[in-house]
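Chemist: Quick one: structure below, then a few questions.
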Amino acid sequence: MTSFKFSPPFLTGANRVTLQMVQVIIALIPAIIALVFYFGYGVLIQIILALVTALLTEAAMLKLRNRPLKPFLSDGSAAVTAVLLAVAIPPLSPWWLTVLGVSFALIFAKHLYGGLGYNPFNPAMIGYVLLLISFPLEMTTWLPVSSLASQVPDFKMAAELIFTGQWQGQGVDALSGATPLDQMKTQIGLMRSPEYVSSQPLFGMFGGLGWEWINIWFAIGGIWLLYRRVISWHVPVALLGSLFLISTVVWIVAPQVSGSPLFHLFSGGTMLGAFFIATDPVSGSTTLKGRLVFGAGAGLLIYLIRIWGGYPDAVAFSVIIMNMLVPLIDYYTQPRVYGAR
Amino acid sequence: MRRPVSDFPGGLHLPGHKKRSTQTPIRKTPLSKQLILPLQQHIGEAAMPIVAVGDTVLKGQRIARADGHVSVCLHAPSSGTITAIEERPIPHPSGLSAPCIILETDGEETWIERHPIRDFLQHSAHELRQLIRDAGIVGLGGAGFPSFIKLNPGIHHHVDTLLINGAECEPYITCDAMLMRERAEGVLDGIEIMRHALSARDVLIAIEDNKPEAITAMQLALGSRQSLADADIVVVPTRYPTGGEKQLIQVVTGKEVPSHGLPIDIGVVCHNPATAYAIGRAVIHGEPLISRIVTVTGTDVTHAGNFETLFGTPIKALLEYCQTRRQPDEPFIQGGPMMGYSLAGDELPVTKTANCILVGVDEAAQTSEPLPCIRCGDCASVCPASLLPQQLYWHARAKEFDQTRDYKLFDCIECGCCDYVCPSKIPLVSYFRFAKTEIMNQERERNKADHARERYESRLARQERERLEKEQRQAQRKAALAASKKAAAAKADRQEAPVPPAKKPDIAKEGQ
């Protein structure tokens, strides 16, 4: 026995922060493969770019804050932020967009609040919202899924587009199109019915074409996290449940307002948000009842913003707004303590 | 066999490591040349020595008497001579010293005259309690609370259930299990006496299901005892901390002890099987509490097992007897790995609360720097009291003690489950203990300040009263003077100088 603790308990479980973060990244792998399949290698380049930026930013901030590098660089939290932001950014976005988003997330949303464990907001979503508000054009130039695209960028082409903005004279915008959520919103704005909109080639069986599979793979990764007890079921179930509930009610009462409940569950960032973003322990609610409230609130806001807000998708805004309410939620959802009346 | 009716939230399934110390029967530790007997081996006031250096004593002779209400007597574990009454290091988390009686044994083991009571039913509850107090019996589960107090429900309470806590849920510890396996009859003797003293309606004996031998032995003994025909053995699922008094009550009765209350408030009295056994020995055999069964185990112990050990035996002798691979200064644990505390020196004696000596644990806790709390909530999901440990941690760390109270700090039973599962390896229990100590210190300070203020205010009042009395006296004197002046108007009067006003108290000096 080499080390000895001097205060009880003298036993310890195997659970570690790093292990949890690594498992989150592992759970993202199926959906990342799906993203690459539908949108090309740009996704991978963005992830690598984000990871490098995250590690450099994290190291620089730790240095500036006079904190030990090794335990915090190896905890995996910066990598999780980087990957989550990278998969949310359009695959062929210019390199500076990713670098700016990731470094802003880590500097302003994480380290200026005290680093790991102290951030009141989900750093990846703060980075995303900064980019969305500041660079709405770049942030909405999504590629069409590969089966609809006139040209699917290979690795070299994607790298050139990301780092120079040009490939053989054409820019990213020449390749991009509206996302299904985008399309649904604008077409309904033009008084077209949701059924008509979802019969267009951009749409699949029940969600956006390709997007529904990406969402399914995010969900499968999330269910694996549930099985590994890295996350609890409360947030995903509450979020998806409330989103499903309100979209069903509106679908029944006023079908012309928006897409079907399934469309909302399997489009955009729904599953990513439900299993990977809203379940962030640091910025989320910690009580079980609180997590139900948190998830339900986020699900409701996602729908409200998607339908009546200014942006096609709303996962980031919803999670951040719910983050603000966490102290309040936590205070009023304390469990009944043993022996209390 | 009664099924447990309820469950408690949280808890952990820990590896038991109980086989290690249950391979051999209970053995007696050899008599030590010197026995070190701390005067305080129980919660409450230390006992008062009633022997002097040089006295010869017999085995079982009382050498210190109970002092105050929460206190018990102390007896010589063997015959011999008192060689000193002095401060010695005692087993305590902070390694402090306390007054001890040192007994040099003569090896004769000559007993005092014993007065066994076979027909204890003829004796009143009060007499039995007195006897149990005089026999020095305290809770042998590890807390050491004087047992006679817990056998006195008072006139306002009715005891529905006498609950015997044979759960023994901490890993490694097996002293209660082995006692029940080998001395079930003796345990039942004590249970009968306790039931009589409490006038308890039901008797339930709870044992975790990882101790089938103990369950069988107790069932067998119970089956042949008419007087306890209605007692029940409750087999409870093995889960830490089922043996926590509150958790066991919840499992067995489905009821919760009110916060800041006692089990007696819901008609339950809980005792440990070893305490029951000691009570049986004291009443039926006339033997005071002079020894206990200690589990000596751990990865570094060669001959682990359970040992009937006289109090005062140096732990060193016990460890030598079992052969350990322990380095001279390497700490060991008294109690279990979850709630015990580490001790360094082995010159410390075995006391009434020493249920287990643990040398080396598997998967020993790392001393690495903890990472920040990521609010994962794992701690809350294992807390058997349904607390929010991470909120308590934030507030304890920030010394926001009012908030720790809002989050029910004092309902924490310090079981260590939260600490065990924390992915950031934060020593949560240490923070909670720190906060509790700080709050209690603040309260003591406040009481002291209140006391000082009261004293100051009463002094002010007294001074004011004295001043008024003085003025009154002066007024009377003046009146008398005026009267005499009138009588002798011609005489000039210059003798009465004006009286200076009463001196104001110096507030700066009086403060705090």
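From the backbone N, Cα and C atoms, a Cβ is placed for every residue, glycine too.
A quick note: this is a predicted structure, and the numbers were derived from the prediction, not measured.
What TrEMBL shows for this protein is this:
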- A:21-39: transmembrane segment (TRANSMEM)
- A:45-64: transmembrane segment (TRANSMEM)
- A:71-89: transmembrane segment (TRANSMEM)
- A:125-145: transmembrane segment (TRANSMEM)
- A:T179: FMN phosphoryl threonine (MOD_RES)
- A:202-226: transmembrane segment (TRANSMEM)
- A:233-254: transmembrane segment (TRANSMEM)
- A:260-278: transmembrane segment (TRANSMEM)
- A:290-308: transmembrane segment (TRANSMEM)
- A:314-333: transmembrane segment (TRANSMEM)
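Let's see these features in context: how buried, what's close, how far.
Modeler: Taking Cβ pairs closer than 8 Å, the transmembrane segment (A:45-64) reaches residues 32, 72-73, 78-79, 81-83, 85-87, 89, 91, 93, 95, 98-99, 101-103, 106-107, 110-111, 115, 155, 158-159, 162 in its own chain, all 6 or more past its ends.
Nonlocal intrachain contacts for the transmembrane segment (A:71-89), taken as residues 6+ away from its ends with a CB within less than 8 angstroms of a stretch CB, comprise 17-18, 20-22, 24-25, 28, 31-32, 35, 43, 46-47, 49-51, 53-55, 57-59, 62, 97-98, 101-102, 105-106, 110, 115-116, 123-124, 127-128, 131, 139, 269, 272, 276-277, 316.
Around A:T179 (FMN phosphoryl threonine), a 10 Å sphere centred on its CB holds 23 further CB atoms from the protein chains shown.
Same-chain residues lying 6+ beyond the ends of the transmembrane segment (A:233-254) with a Cβ under 8 Å from its Cβ atoms: 222, 226, 260-261, 263-265, 270, 273-275, 278-279, 284, 288, 291-300, 302-304, 307.
Proximity of distant same-chain residues to the transmembrane segment (A:260-278), defined by a Cβ-Cβ separation under 8 Å and at least 6 residues beyond the stretch ends, is recorded for 24, 27-28, 31, 84, 87-88, 122, 124-125, 179-181, 184, 194, 198, 203, 206-208, 211-212, 214-216, 218-219, 221-223, 225, 231, 235-236, 239-240, 243-244, 247-248, 251, 284, 294-295, 298-299, 302-303, 306, 312-313, 315-316, 318-319, 322.
Away from its own ends, the transmembrane segment (A:290-308) comes close to residues 181, 185, 232, 234-244, 246-247, 250, 257-258, 264, 268, 270, 273-274, 278, 284, 314-315, 317-319, 321-322, 325-326, 329-330, 333 of its chain (Cβ-Cβ under 8 Å, at least six residues beyond either end).
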Chemist: At a threshold of under 8 Å on Cβ distances, which of A:21-39, A:202-226, A:314-333 pairs most often with the transmembrane segment (A:125-145)?
Modeler: A:314-333
